[in-house]
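Asks: What follows is a single structure, and I will ask about it in a moment.
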Amino acid sequence: MTTDHLKSPIPEVHHDELLFDGGEKDNHVTGAHPDIQRFSAEEQKKILRRIDWRILPIVGAVYFISIMDRNNLGSAAIAGMTKDLELSVGMRYSILTLSFFPTYILFELPSTVVIRWITPRWHLSTICLTWGVLLIIMGFLNDWKDMVGLRVILGFLEAGFFPGCMYFLSTWYTRYEMHKRYSLWYFMGSCASAFAGILAYGLMQMDGLQGLAGWRWIFIMEGVITLIIAIVAYAVLVGFPESNKRYYKFLNDAEVKFVLARINADREDAELKEAFSLKRYFAHGLDWKLWAFALIFCMTLIVTYSFAYFLPIILQQRMGFSIAAAQCLIAPPYFTAGLWMFVTGWIGDRYKMRAPILLFHGVLACIGLPLMAFTKNNGSMYFGAFLSTVAVNANIPCIMAYQANNIRGHWKRAFSSALFVGMGGVGGIAGSLVFRSKDAPGYLPGIIACIVSQGIMIAILVVTSLIFMRENRKADAGQVVIEGLPGFRYTI
């Protein structure tokens, strides 16, 4: 299912392949605007490649650290933290995992306003620096309740990161460049998920050094790495394209005007044209489709978070792998997910489609999860975990692109990004609770809950896409104007 993203009078935009290797074909914007025409097709490719290299690696690196820091709980649990902090008592481990999310959800909406005020450079690097300090402190705690308190603060800090990055990236790229870029960004997160277990196993070998347990070194050393990345992020990150601020000769004035002109050619919202209004900001919450995007994301993150926190435990307890094997076996599915989401990102942007990719992955997860639940052979169970992990993680950048492609305006984009990630936090709370200690080692109720979440995701996706198709037909007939812009069409 594809749609033309814009009809006349807005110029056509061609984007095909990722730029890092200079391989993008016809990625230039064709149009009458002089700020576009002053650059040849080859010059346009060079500018876009420069933007890619300046923004994506550092935002991806910070996200890598974010995911690695978030996923270290499961690794630390099987490395001795459960015993030392007595987390096996009652629901303590589940409480510890979900304590991150209340503040994470609560502060999503303000965070996308704050990033406009203090710039992405200060916003993202400060968040990264502070959570690095918190991680180091976690390595010295002796009471599980203190750990809960720090994770509440960590949730507050990370509330500004994911929606801030989503919003920031969307301001630099046109609609059919986003899926590839989101995929590359999220690929870094998948690499972190793959690498986290291996790194944690290596850090566990420091057990006894300076009288500290191995799980403590996981937090301490990952905190130190986070501090280093935060400093690099401050040095490298840039602002929004319309800020007209020079960042180490990144873009000159003509190149900035080119970036703004091509975004206006795509969706006419390059500049922030209206001051912030709390009433107008929250009025975007009346748009039903923002909730549909957010619910699709929520249902997906129920599975991704539950796997992030509990997959090492399931591998050890249900499948009987050793601690070392459990730490290492989480790597292959996450690494594969990263590669696959990159492939689907290229396909999605090339053929201007989102829903078919989301549907395919939803069905794939509904195949993998029952294999985990109802088979007894370790190979079959691990294959089910592999399929499910790949499917739900590859869907995340596609959902982000599905959302970003179908809205316009800076404040609406900011509100939608925050709502989107906030509902993802709700999914995180659910994901923290679905695998209960009393259900060990099979965890059947939790796996069934994950299957149900994917069924709900598919249902919302199908209904939303059918409505989009109907609205596009009405717009073609001149009966409606979508998103306040003549010629705008929903991407399906």
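Cβ atoms are placed via backbone N, Cα and C, with glycine included.
Predicted automatically and left uncurated, TrEMBL annotations should be read as such.
Owing to the predicted nature of the structure, the values given are computational and were not obtained by experimental measurement.
For reference, TrEMBL lists these features for the protein:
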type     : residues : note
DOMAIN   : 55-473   : domain 'Major facilitator superfamily (MFS) profile'
TRANSMEM : 55-73    : transmembrane segment
TRANSMEM : 93-115   : transmembrane segment
TRANSMEM : 122-141  : transmembrane segment
TRANSMEM : 153-172  : transmembrane segment
TRANSMEM : 184-203  : transmembrane segment
TRANSMEM : 215-240  : transmembrane segment
TRANSMEM : 290-315  : transmembrane segment
TRANSMEM : 321-343  : transmembrane segment
TRANSMEM : 355-375  : transmembrane segment
TRANSMEM : 381-402  : transmembrane segment
TRANSMEM : 414-434  : transmembrane segment
TRANSMEM : 446-469  : transmembrane segment
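Quick one: how deep are these features, and who are their neighbours?
Replies: Within the same chain, residues 70, 73, 77, 82, 87, 123-124, 144, 147-149, 151-156, 158-161, 163-164, 167-168, 276, 281, 309, 414-415, 417-419, 421-422, 425-426, 428-429, 432-433, 435-437 sit at least 6 positions outside the transmembrane segment (93-115) and bring their C-beta atoms closer than 8 Å to a C-beta of that stretch.
Among residues of the same chain six or more beyond the transmembrane segment (122-141), those with a C-beta under 8 A of the stretch's C-beta atoms are 59, 62, 65-66, 69, 72, 85, 114-115, 147, 150, 153-154, 157-158, 160-161, 164-165, 168, 212, 216-220, 222-227, 229-231, 233-234, 237.
Residues of the same chain lying 6 or more positions beyond the ends of the transmembrane segment (321-343) and with a Cβ under 8 Å from any Cβ of it are 18, 75, 78-79, 180, 183-184, 186-191, 193-198, 200-201, 204, 311-313, 315, 382, 385-386, 389-390, 393-394, 396-398.
Counting only same-chain residues 6+ beyond the ends of the transmembrane segment (355-375), those with a CB under 8 A from a CB of the stretch are 1, 296, 303, 314, 344, 347-348, 381, 383-392, 394-395, 398-399, 402, 442, 444, 447-448, 450-451, 454-455, 457-458, 461-462, 464-465, 492.
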Asks: Counting only pairs at least 6 apart in sequence, do the transmembrane segment (153-172) and the transmembrane segment (414-434) share 3+ Cβ pairs under 8 Å?
Replies: yes
Asks: Are there residues at least six beyond either end of the transmembrane segment (184-203) with Cβ under 8 Å to its Cβ atoms? List them, or say none.
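Replies: Distant contacts of the transmembrane segment (184-203): 18, 56, 59-61, 63-68, 71-72, 75-76, 79, 165, 169, 214, 217-218, 221-222, 308, 312, 323-324, 326-335, 337-339, 341-342, 345, 393, 396-397, 400.
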Asks: When only pairs 6 or more apart in sequence are counted, do the transmembrane segment (414-434) and the transmembrane segment (290-315) reach 3 or more Cβ pairs under 8 Å?
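Replies: Contact between the transmembrane segment (414-434) and the transmembrane segment (290-315): present.
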Asks: Using a cut-off of under 8 Å between C-beta atoms, tell me which stretch among 55-73, 290-315, 381-402, 446-469 contacts the transmembrane segment (215-240) the most.
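Replies: Answer is 55-73, with the largest number of Cβ pairs below 8 Å.
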Asks: Give me the stretch from 55-73, 290-315, 446-469 with the greatest number of Cβ pairs under 8 Å to the transmembrane segment (381-402).
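Replies: Selected stretch: 290-315, with the most Cβ pairs under 8 Å.
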